[in-house]
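Novice: Pasting a structure below so you can have a look.
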Amino acid sequence: MQTVAVFAEADRQSTHRYKSDESYEVGHGKAPVAAYLDYESIIRCAKENGAQAIHPGYGFLSENAAFARRCEEEGIVMIGPKSQTLTEMGDKVIAKAKAKECGLPLVPGTEEATADVNDALEFAKEFGMPIMLKAAMGGGGRGMRVVKEYSELEDAFKRASSEAQTAFGDGRMFLERYVEAPRHIEVQILADNYGNVVHLGERDCSVQRRHQKVVELAPAPNLDPVLRQRLFDDAVALAKHVNYRNAGTVEFMVDKQGRHYFLEVNPRIQVEHTVTEEVTGIDLVQSQILIAGGQKLSDIGIKSQDDIQLRGFAMQCRITTEDPSMNFSPDFGKVEVYRPPGGMGVRLDGEVVVGSRVSPNYDSLLVKLTCSEKNFEATVQKMYRSLNEFRIRGVKTNIPFLMNVLSSETFLSANFATDFIDSTPSLFKLDSYIDDTQKLLNYLGDVAVNGSSHPGAVGPAPTCAEPPVPEPKKSLAQLKDTGFKAILDKEGPAAFAKAVRQHKGLLIMDTTWRDAHQSLLATRVRTHDLRRSAPLTRSALSGAYSLEMWGGATFDVALRFLQEDPWRRLELLREQVPNIPFQMLLRGANAVGYTSYADNVVQSFVHQARKSGIDVFRVFDSLNYEDNLMFGIDAVRNADGVVEATICYTGDVSDPKKTKYTLDYYVDLTTKLVEHGIDVLAVKDMAGLLKPRAATMLISAIRAKFPDLPIHVHTHDTASTGVASMLAAAAAGADVVDVCMDAMAGTTSQPAIGAVINSVAGTELDTGLDIDEVLKLNLFWEQTRGLYSPYESGIKSGSSDVYIHEMPGGQYTNLKFQAYANGLGSEWDRIKDSYATANKILGDIVKVTPSSKVVGDFAQFLVANNLDEHSVVEKADTLSFPTSVVEYFQGYLGQPVGGFPEPLRSRVVKNKEIIAGRPGASLPSMDINKLQNELSIKHTGRRSITHKDALAAALYPKVFDEYVVKRDTVGPVGLLPTKAFLKGLDIDEEIEVTTDRGVSTNIKLKAVGELLPSGNREVFFEVNAIPRVVEIHDRKILESASKGGGGAVAREKSDPLDPGSVGAPMSGSVVEVLVAPGQKIKAGEPIVVLSAMKMETTVASPVAGTLKHVGVVKGDTCAAGDLMCAIDVDAA
């Protein structure tokens, strides 16, 4: 049989036209839907090209009686019912009358279709609510609404009628009383031209959303056999009564009492006919054609009803291009990847190939997946497996939702009705389901088109490729149950501390994984490189006291700049290094933040950190404020972690002229800590001020008073005296000193591990570490550091002026960068001097995050405003001080040693609240579970929010929200090699991305295309040797256009974190704008009506407020996320 396809101009590249023998355009010059509704053009095409019959499919004109009548008049066979039957059955009002003549049970409804909303209002007054609105000439859920409130009827009628007019060319509506939560059962009939009618069993179509079928089954499970037979009898009786010809479906509702009601007749082939074909073995479309050609049922193998035998079970899932996380808004675009499932009993109906374009003009159905098996349970299992195997990229699909449906207890019980989806909210709990590879391609494509954009990356591009990692000497099995980690796990913190004190030789803590790169590389070293070094690290440093690898600035930097989950970093590294204690930096009552938090937040954070893998907590307070310290110590003790309480060192105990922070001060503070109960004492010299002689004096004094107390010393090598100071501390009785890999050591970082190991080798302080293996690890970091050259500070050598300005090591690096970024690079020497001045003005405070930030902000403020220690006090009443400085004087960080300087404090604080005592004590507890629920709602579709996420958000609410949005956009960029993350790929450069154990993806950049009229560029990749293409906005062109340079101009995007920034929930065209700027808006009030894929959606305001701006006008075409309206929430 020769075939002729027709297509609208917009579909000239559609697959169907190339699969037919001939194809011709119809409805020239008309909109896509209108072209297919232009039956005169279709009939003309058929006649001109010798077509003898027309199959109308199951949309557009398939139920149009006028079209069928014109075919009959032109001598063309319409493959379907006669025009008279379509008139009677296609119009729901007439069909209802015919059913009544046959004695079929009916639901109360209008006798005639109407386009007048007043008729609907009168019907509602007579029969009450709720009622169902149905398109008189429609189907497939188009033009259908359930209206439960009388006040909503007029608007619902208007929207449904508009949809029906667009989809079917007829806006008349049929109204009936709504039956609550029925089952939807339909019977397939087949009739010839000679009065012979058979049924082919029933289908259960109860799983619906928006009155559109989602999952269809044959036969209907748990259906009473007596009721089933009544349905068959009624369907066949009605078909005979109207002299039905060809294939059709009689649809029924079955209420909760088992009573059935005639619903409608679909006088055409149905979307879900596939399940009937699978259980009967009868090709319905072929049967349609043969019957239209004049054959009897007996000619096609159906001599009687007994010839219809049902075997097994079949299920169809409609895979649509809808986004379940965005209220099923339609999506359209190019299919980048299409990898369908297969195997026995798996059937696909569709014309999708890689490169297919999903049009916004039609229904969102992409492909039909039908599975068949022996019984319901086996069919569900096969369908779930098939959905899981499906890979469709480039457009969003409802597959995750379908998988939720299939795994629901209600569905698996086979006791579902039409309210199943609406009454099962768990079905809508969806993770972001755009695949990670697609997101990574978008990220890499964006870098290829627009260049990399990483805050702080001001140095040269990465200078090396990813280096290999030498093989470790010891396997994981050999390291099991060894070292201090094993003692801690088996015997607890007290036994751990005792073992440390009794250890012969000097112990080291390696800071390479945290403080070293915080001090040198703006805390930018990624989990990817830490994990690569982990096997060698656990072997080379197996005898170490601990690895400092978490806390401090690494937490927020991971979220803010690396798009990494810091909790995941901790857990991944713990898996890789189970044999060495992990240590974190805990800012006491500030946790890992820069301010005070509710006590329960800090306590929960510490508990989770211990659970996720932290062993030793270095607890410090940025002001050495005892109340904050004691609170942090108690939090760690309650979490069963090792309490390493910290005295932060500043000043110079070897200089008798410095009288504030004396030897007695530090010994007295240590005494208070020991009396409170600690495991280890840390001396934290955050600026590198601890000179060798001072180290000897301080450690000797503490050791003399506390002979059994393990002492751990930390310094920075800013003045290049770090190694000497650590050796002096060790000789004076310190048990542990902090070092890092030679390649990451020196200047503002820690002393070099190689220097310390070699210095004590062969003495009673010998570390026992294998220097050869340590040097192999150092080589890895020497090469890896080249990858982070964009973050190099430019500091070439040590600087003894640290003894003057007393700036902490990490801050020295960061503040220098900030100075240059703020245009104060030439003032760097002044800033260092001002830092010392600011410290003096503040009362010579302990300087470590967050107090060091206060001093740094204050120093830049002094330089920018040309102030000195006298003028700042004199002008304080009129100055606007940095927020950190104001909050410091208010007492948000606690109380400094010696109190706050007056009158400056009073002049800075003015009439603001002053906190006396520990700040966290006065803060109300936070409901973390409530926060988790709120975040789950806010980030639905982006991330499945965990307790750890809630803790991160409690500490950094804005940073966490931005991380979730960014991570959802760019994907798991933490898996990319560092060079690819920072700089992108070169043409023909290939990387391998490992996404899971034994699972990796090969990505190669092939080319960047020319600028398209849309302002996009196509970026061409190969993924596992298969071509993939992504389209990326060229922002350089867009920026040029916005400055008057011409070219494409992008629409303004909504801000997903601003509730008043209302974005389009889907791509589509604007049908109506219902509001105007300046208008007062209520939450839930309709603002814009969108149309896509023949479905109209009313966008409602999520908040109350005043409308500031409307971003669209009627007729606009917009993409998902484009700004619809901006609402001033505060003006509500």
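Any Cβ shown, glycine's included, is placed from N, Cα and C.
Small disclaimer: the values here were computed from a predicted structure and weren't measured.
Pulled these features from TrEMBL for this protein:
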DOMAIN    1-426  domain 'Biotin carboxylation'
BINDING   Lys92, Glu176, His211  ATP binding site
DOMAIN    96-293  domain 'ATP-grasp'
ACT_SITE  Arg268  active site
BINDING   Asp515, Lys684, His714, His716  Mn(2+) binding site
BINDING   Arg587, Thr849  substrate binding site
MOD_RES   Lys684  N6-carboxylysine
REGION    1042-1062  region 'Disordered'
DOMAIN    1053-1128  domain 'Lipoyl-binding'
MOD_RES   Lys1094  N6-biotinyllysine
Novice: Just to verify a number: CA distance, Arg587 (substrate binding site) to Glu176 (ATP binding site), in angstrom, no decimals.
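Specialist: The Cα atom of Arg587 (substrate binding site) is 67 Å away from the Cα atom of Glu176 (ATP binding site).
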Novice: Between Glu176, Asp515, which of the binding-site residues has the fewest other CB atoms within 10 angstroms in the structure shown?
Specialist: Glu176
Novice: Using Cβ-Cβ distances, find the residues under 8 Å from Thr849 (substrate binding site) that belong to the same chain and are at least 6 apart in sequence, listing them in sequence order.
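Specialist: For Thr849 (substrate binding site), the qualifying residues are Gly552, Ala553, Arg587, Tyr594, Ser622, Pro808, Gly810, Gln811.
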Novice: Report, as a single number, how many Cβ atoms besides its own are within 10 Å of the Cβ of His714 (Mn(2+) binding site).
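Specialist: Within a 10 Å radius of the Cβ of His714 (Mn(2+) binding site) lie 27 other Cβ atoms.
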Novice: Which site among Lys92, Arg268, His716 has the most other CB atoms no more than 10 Å from its CB, taking these as recorded positions?
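Specialist: Neighbour-count leader: His716.
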Novice: Which residue, out of the binding-site residues His211, Arg587, shows the minimum number of other Cβ atoms inside 10 Å of its Cβ in this structure?
Specialist: His211
Novice: When the Cα-Cα distance from His714 (Mn(2+) binding site) is computed for each of the binding-site residues Lys92, Glu176, His211, which gives the smallest value?
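Specialist: Of all the candidates listed, His211 is nearest in space.
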Novice: Output, ordered by sequence, the same-chain residues six or more apart from Lys684 (Mn(2+) binding site) with a CB under 8 Å from its CB, or 'none'.
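Specialist: Counting only residues 6 or more apart in sequence, the Cβ neighbours of Lys684 (Mn(2+) binding site) under 8 Å are Arg618, Phe620, Thr646, Ile647, Cys648, Tyr649, His714, Val848.
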Novice: Can you tell which of the recorded positions Arg268, Asp515, His716 lies nearest to Lys92 (ATP binding site) in space, using Cα positions?
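Specialist: Nearest in space to Lys92 (ATP binding site), counting only the recorded positions, is Arg268.
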Novice: Nearest to His716 (Mn(2+) binding site) by Cα distance: which of the recorded positions Glu176, His211, Arg268 is it?
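Specialist: That would be His211, nearest by Cα distance.
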Novice: If you compare CA-to-CA distances from the residue listed as 'active site' to each of the binding-site residues Glu176, His211, Asp515, which comes out shortest?
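Specialist: Closest by Cα: His211.
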Novice: Within the same chain, and leaving aside Lys92, Glu176, His211, name every residue whose CB is within 8 angstroms of the centroid of the CB atoms belonging to the recorded ATP site, in sequence order.
Specialist: Gly109, Met132, Leu133, Lys134, Met144, Phe174, Leu263, Glu264
